[in-house]
Every structure is written in structure tokens, then in C-alpha cells.
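K.L.:
Pasting in a structure now, in C-alpha cells, and then I'll have a few things to ask.
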Amino acid sequence: MAQSLYFSLLVIALSSISECFRLNFICDNAVPSEKVVVTCESQTASLSCDQGTIKVLSANYGRTDRQTCSTGRPDDQLTNVQCSLSTSLSVVASRCDGKANCSIVAENAAFTDPCGGTYKYLTVSYECVAPPPPAPLEPSLAVVTCESQTAFLSCVQGVIKVLSANYGRTDSKTCSTGRPDNELSNVQCTQSTSLSVVASRCDGKISCSIVAENAAFMDPCGGTYKYLTVSYKCVAPPPPSPSPSPVPSEKAVVTCESQTASLSCDQGTIKVLSANYGRTDRQTCSTGRPDDQLTNVQCSLSTSLSVVASRCDGKTSCSFIAENAAFTDPCGGTYKYLTVSYKCVAPPPPPPPVPSEKAVVTCESQTAFLSCDQGTIKVLSANYGRTDRQTCSTGRPDNQLTNVQCSLSTSLNVVAIRCDGKTSCSIVAENAAFTDPCGGTYKYLTVSYECVAPPPPSPVVPSEKAVVTCESQTASLSCDQGTIKVLSANYGRTDRQTCSTGKPSNQISNVQCTQSTSLSVVATRCDEKTSCSIVAENAAFTDPCGGTYKYLTVSYECVAPPPPSPERL
């Protein structure tokens with residue numbers, strides 16, 4: 001079977017080369033690099049092309065070695081290494097050829113069983129061919145995010161295309177509030193891999209987030225407080241798909257003591273946002289009550305939210321009595337009431353079973369992607385080298401494939417450092433990342449990993465956020481917790497890089513352009529609000545430097561919110 005498949009591929013390759021010479025084409029770069037995906041039995045194989053469409057080169061559902069997809073399997077399920085299925089290629093090709101992405105479950109139901117009692121895996125080799133022309137792009141957007149904070153990219157229409165990115169520091173002003181001078185003085189700090197890191201996370205999505213931290217980008221300049229600068233565009237959107245009627249964002253219910261509180265959702269399920277059993281004003285639930293039962297307006301119970309959430313979250317409706325027996329009594333002698341704020345959210349789909357093991361094979365110079373829909377990555381094994389002649393062999397001369405004893409003992413450590421504990425990660429299969437275990441051999445990276453239960457999240461309110469908005473675009477500031485406090489702002493230009501895409505040199509050469517009233521303009525619009533927006537334009541700020549293409553830089557923080565005002569039905 002292997003010899004027949006190899007001979008067929010060789011004939012196709014020779015025919016393609018002959019055709020290229022006949023048409024006087026240069027074929028060295030005509031065919032994109034090969035990709036290989038290995039998927040354990042019962043798991044889902046995913047093939048995708050960032051550009052172009054899928055062309056399946058070879059496939060086998062069976063077992064040809066004892067190592068792949070072997071973790072936790074008894075020896076008798078691994079001994080048959082002559083297990084192949086001749087129809088594998090046609091099954092995968094019919095499902096995937098000509099598509100930008102596809103998925104198929106590695107199971108007997110899809111392929112039939114070529115060797116009963118053996119634990120099998122699906123190996124697919126494919127390439128991406130003839131990409132369509134790129135869609136037109138919208139004007140570029142810029143985001144600046146201080147170290148340890150989260151960058152958010154989004155497109156109102158279309159999907160994200162990252163143009164440039166840098167994690168480091170190129171001036172002493174950005175993200176400088178409260179920082180000592182020695183953390184700001186190095187303004188030559190750049191990280192060449194920043195673009196690929198952000199692009200791999202965000203390209204092709206309508207929104208994405210990435211933390212500006214050393215763990216994601218590595219540290220380009222120790223001791224310097226860094227920030228992430230990202231410039232991106234939105235490609236023309238696909239035709240909109242019909243969406244259900246909007247679900248109300250928030251509902252409020254107030255229930256007097258001894259009465260029954262009822263929460264319900266016509267669509268989706270309940271998500272409790274806040275709750276308090278006590279009293280925070282004299283008016284609510286006061287009819288017919290003596291004055292001494294209403295005077296204590298500092299009565300609150302910190303466990304109210306957990307009590308209501310445990311009763312109601314995830315349900316379409318719930319009810320319970322607002323009484324001491326359910327909540328305990330936070331203030332004896334005071335007539336209390338229960339205030340609940342909640343929203344209706346789309347019910348989550350039933351979670352798929354967390355696979356016990358996933359396997360990824362990546363050819364040299366390609367990027368390996370590991371991800372977990374649930375939980376976080378735990379790398380089980382890894383090798384950068386070559387242990388057989390077939391994997392990642394298409395178009396390679398024989399002398400690059402003969403060494404099948406090529407392994408690198410540090411492979412596991414390299415991948416684990418990059419990926420363990422994350423929901424997704426990427427790493428390039430190259431000598432620069434692993435060192436070269438066997439010169440002259442074309443290598444590949446094999447990684448086996450599983451998804452383990454994630455640790456509980458620990459939300460942190462960021463101390464400082466930064467937003468950069470190109471001229472004529474809209475700056476949006478928001479706080480998930482607390483309210484906005486603007487720290488600094490400037491409408492002008494202080495460097496040549498920010499908001500420069502497609503602009504002539506004479507519009508970006510003036511880097512001494514500042515507007516002293518910028519802070520007061522933004523603060524007047526945004527301070528003490530949970531969100532605000534302002535257009536970066538001369539009409540709002542006046543023009544500090546005619547003929548220069550400007551941008552608005554705003555640094556702000558989210559401060560403790562004021563006590564909530566009482567909510568009524």
C-alpha cells in the first residue's frame with residue numbers, strides 16, 4: 001500500500017514538473033508548503049488554509065507505528081503497525097478539497113475499520129492552493145495596551161487583518177503614569193515576532209483579545225515597562241446571517257421582605273449580575289412601616305449574590321422568598337427588601353467531551369497550533385526531528401529523509417514552556433526554537449497533548465488602560481468595573497509610526513505636535529462614566545498642527561464605582 005501510494009504521488013509530481021517546464025513556469029514557489037495533521041481515533045481532525053483552499057495529498061486511517069496516539073493504551077492495541085486503509089484519501093478529499101477549512105472525525109463510521117482491536121489514528125497531508133484575491137480593507141485602526149493589560153481588537157463589519165505590531169517601547173510617554181524613569185528610558189525596544197503572534201491570534205476573526213505580557217511575546221528588554229502597539233484593518237464583511245431578536249441586556253427586580261421574588265427569561269437563561277438583601281434607602285418597601293424600621297440605610301449582605309446565583313443561574317425561571325431564613329438577617333429590627341439585577345444570556349451548547357489526547361505534526365518552518373476548547377494545554381510528549389521517511393516528505397530529496405533516528409531530548413521542555421497552562425499557543429518548527437539535532441535532514445515537530453481542567457479565573461481590575469485612535473476615527477473608553485478617570489490625553493503626533501499606514505511622509509514628519517487642552521476635552525466627556533466615545537477630529541480638539549495626520553492618545557483607569565442607587569420595579 002505504502003509503495004503504491006508513494007509511486008502514485010511520484011507520478012503526479014513528475015507530471016506537474018513536466019507541465020511547468022512545458023508552460024515555461026517557475027515551479028519552485030508555485031506549490032505552498034505541505035501541512036500534516038495527525039488525529040487520534042474518535043477525535044476531530046481540522047484542516048484549514050489562511051489563504052487559498054485545501055488540496056489533500058495523502059491520507060491514512062490506521063496505524064503505522066507504535067508511538068503515535070499511544071498514551072494510556074494497552075500494548076495489544078498498538079502492536080499492529082501494518083494497518084492502512086486504501087480509501088482514506090478519497091474519504092478526506094471528498095470532504096475537504098476546495099474548501100478553506102473542514103473537519104472530519106477519525107472513526108470507523110467515517111472510514112470503516114481496517115484492523116479490529118487496534119487503536120487507530122488519521123494522518124492527513126495537504127497543501128493550500130490558489131488563494132482568492134484579498135477583500136478590500138477599511139481604514140486602519142490602532143490599539144495601544146500597557147504591559148499586563150489586555151488588548152481588544154474588533155471589527156463592526158468584516159474581520160481583522162493585522163498590519164503591524166510591536167511589544168516593547170519606542171517613546172517615554174506612552175503607558176508612563178506612575179512608572180520610575182529607569183523603566184521608561186529604553187525607547188529602542190522592539191520585538192520582531194510581535195506581528196506573527198498577534199496575527200495568529202486575531203486574523204480572520206471579528207474580535208479577539210491578547211494580554212500584553214512576556215509570556216505571550218517573550219521579553220525584548222528586561223527592566224523596561226513595555227506596551228503593545230497594534231495596527232489593523234477590517235476586511236469587507238461577509239453577507240450578514242440572520243440573527244435572533246435581541247435579548248434584554250439587564251433586568252431588575254425588587255421584592256419586599258416575606259414576599260416572593262420571581263426571575264424569568266423568555267429567551268436564554270438567567271445570569272445574576274448583582275443582589276442585596278437589606279436596605280439602602282428609606283423609600284423602597286416603606287408603606288405602612290414605622291420609622292424605626294426604615295432608618296438604617298447602610299444594611300447590606302455580601303453573600304446575597306451567591307445565594308441568588310446558586311438558585312437561579314442557568315435556569316429559564318426561578319422564585320424564592322426574600323426572608324432571613326434564606327439569606328440570614330444582616331440588620332435586626334429593619335424591614336428589608338431584596339434587590340436583584342440580572343440578564344438573559346444565550347444558553348451554552350452542551351460541552352463536548354474533553355479529549356484525552358491530541359496529536360499535532362508540523363513540518364519544518366511551519367507553525368504548530370495547539371488549542372483547547374475547554375481547559376488548558378498540558379504537553380505530554382514532543383520531538384523535533386525525524387523518526388520515519390513518510391511524514392513531511394512531499395517534494396523532498398531522498399538524502400533529507402534517510403536519517404530516521406533524529407530526536408531532540410529538549411523538545412518537550414521547549415514546547416511545555418511555551419504552551420502549558422494556556423488555552424492556545426503557537427510555535428514555529430525551526431532550528432532557532434529547538435536547535436538542530438541532525439543537520440541536512442528535513443525535520444518535523446510532533447506534539448502530543450491533552451486539555452486539563454482550567455484553574456479558576458482571577459479577574460483583576462487594570463490600573464491603567466491606553467487607547468490610540470487615528471484621526472477621524474472614534475475613540476471608545478469603557479470600564480467593566482468602576483468608572484472612567486482620564487489620566488492623560490493628547491491630540492496630535494509624537495512619532496512617525498502610529499497611524500501611518502498609507503500616509504505620505506509630509507503628513508507624519510512633525511512629531512512635536514501636541515494639544516494642551518486634550519486632557520480637559522476628554523475628561524469632560526468621559527470622567528465618572530462607565531463608557532464614552534469621542535471622535536478624534538479638529539472639530540472636537542481644534543487643529544494643533546495643520547497638514548499633519550494626527551491621532552488621539554488617551555490613558556485612563558477604572559476607579560471604584562459609587563454606591564449603587566436603589567433599583568425599583
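Cβ atoms here come from the backbone N, Cα and C positions, even for glycine.
In TrEMBL, annotation is done automatically, which means it is predicted and not curated.
Summarising the annotation, TrEMBL assigns signal peptide to 1-20. Sequence annotations record features per position, and here TrEMBL assigns domain 'SUEL-type lectin' to 39-129, 145-235, 255-345, 362-452, 469-559.
Just tell me what is around each of these and how deep it sits.
P.N.:
Mean per-residue pLDDT, taken over the domain 'SUEL-type lectin' (39-129), amounts to 92.
Each residue of the domain 'SUEL-type lectin' (145-235) gets a DSSP state, and the totals for helix, strand and coil are 16 helix, 32 strand, 43 coil.
Using DSSP to sort the residues of the domain 'SUEL-type lectin' (362-452) gives these counts of helix, strand and coil: 16 helix, 33 strand, 42 coil.
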K.L.:
Taking 39-129, 145-235, 255-345 as candidates, which has the most Cβ pairs under 8 Å with the domain 'SUEL-type lectin' (362-452)?
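P.N.:
If we count Cβ pairs closer than 8 Å to the domain 'SUEL-type lectin' (362-452), 39-129 scores highest.
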